[in-house]
Amino acid sequence: MPLLVMKFGGTSVADLDRIKNVALKVQREVERGYDVIVIVSAMSGKTNELVGWVEATSPLFDAREYDAVVSSGENITAGLLSLRLQEMGVPARSWQGWQVPINTTAQHSSARFLDIPRTNIDHKFAEGMKVAVVAGFQGVSPEGRITTLGRGGSDTTAVAFAAAFEAERCDIYTDVDGIYTTDPRITSKARKLEKIAFEEMLELASLGAKVLQTRSVELAMRYKVRLRVLSSFEDTDENSGTLVCDEDEIMESKVINGVAYSREEAKITLVTVEDKPGISAAIFAPLADAGVNVDMIVQNISEKNYEDHPGSVTDMTFSCPVNQVARARKAMEEAKAAGHIAYDELIVDSEVAKVSVVGIGMRSHAGVAARMFKALADENINIKVISTSEIKISVLIDRKYMELAVQALHDAFKLEAA
Ligand code: ASP
Ligand code: MG
């Protein structure tokens, strides 16, 4: 039997009517002759609610219990969708992570797959089950405890199943009808892309475009999983949505294909750290240990001859998500107290956002940075930090100008036109 993986996000299963609609889409594929593995998210808002309960109970929570609580939303939708399919006469069965089992590392709240043995599900398919409804986002650690894969993790579950079961396609059904040049809520000029290269999607996903979880794109790229993003609220066929694929498949590409943003960023500066070998390691190791996702890093030029600092000193600036500032501050204060690092002041700016332009065409075109900075300058937007990679340029700016920056860049790179 050919096999299809279909993934439905939170808004697609937000209530019982929508679950019914999902069941109809699944039934259609079964009627076309597929065995189907459906990966479901929690009903929209559910995971946020569960996370809120955890944080309200224990601000520096134990990650094992966090996982125990926040993984539960998916169990509900898996069971309900399975019931709905059964009501329609489609042989379906729900699967929680430990039942498959979806074996992951013990890195709670951001676990990684170890393996997904096919035996149990294949056995049920052989017995006549047509649809396996798998709870996304969760797995089981070597110690047998429930794990979760990080927010948005059911996309990654879907791709991992598509790879493990050698699915013909992995269709990611969501509340948008594809991948856009930028967020259509920020500019109505945003345009849907027919295809996008894995690498570009990877940058856009990791830069805060919320459509696909970054790791799902990494996995798809590694295992060459044909990934399609499409709407669960429209009638769709094999050509709907956006195909995320190898760059060889894309004939014509613009220099820039997308503008991404990440709203909840913070900038932290350690003022007058010593400028000597080992200092960066001494700063960033404790941050990593504390689970702070450091993104941009800037080290100032060195300055000598401060009265109270005999050697040369510098300032170190880095960015991280706003909700990790407390952890970062604690890690730095502890490292300072332990004598591992020294600094005069720790300055936090929690009112920043990151805006980035992405395109594989940047590899072969000069002048992209200049064009980007000019567009921001024309809007009088001050750039606080800049970082670049082979196919992207990111800037940190005041959060209140984020929308304006996205619009200006979308215009400057003429992304509206195909
Ligand atoms: N429900 C989880 C979340 O909201 C996982 C997912 O939907 O992908 O992050
Ligand atoms: Mg999602």
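Heads up, the Cβ atoms here are built off N, Cα and C, so glycines get one too.
Here's what TrEMBL has on this protein:
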{"type": "BINDING", "residues": "K7, F8, G9, G10, T174, D175, Y180, R185, K210, V211", "note": "ATP binding site"}
{"type": "BINDING", "residues": "T47, E74", "note": "substrate binding site"}
{"type": "DOMAIN", "residues": "268-360", "note": "domain 'ACT'"}
Near ligand 2, which of the binding-site residues K7, G9, T47, E74, T174 have CB less than 6 Å from any of its atoms?
G9
Name the residues of the same chain, 6+ apart in sequence, whose Cβ is under 8 Å from the Cβ of G9 (ATP binding site)?
S41, S44, S154, D155, I172, Y173, T174, D175, S232
For a three-state summary based on DSSP, what are the helix, strand and coil counts in the domain 'ACT' (268-360)?
28 helix, 36 strand, 29 coil
Are there any residues in the same chain, six or more apart in sequence, whose C-beta is under 8 angstroms from the C-beta of K7 (ATP binding site), and if so which?
V38, I39, V40, S41, G136, S154, D155, T157, A158, C170, D171, I172, Y173
Whole-number Å distance between the CA of T47 (substrate binding site) and the CA of K210 (ATP binding site)?
15
Among T47, T174, K210, please name the binding-site residues whose Cβ is nearer than 6 Å to ligand 1.
T47
What are the non-local neighbours of E74 (substrate binding site), defined as same-chain residues 6+ apart in sequence with CB under 8 A from its CB?
V40, S41, A42, A135, G136, F137, Q138, S154
Take the domain 'ACT' (268-360) and average the pLDDT across it for me.
93
Restricting to the same chain and to sequence separations of six or more, state which residues have a Cβ under 8 Å from that of K210 (ATP binding site).
G152
Recorded ATP binding residues, K7, F8, G9, G10, T174, D175, Y180, R185, K210, V211 - maximal Cα separation rounded to whole Å:
23
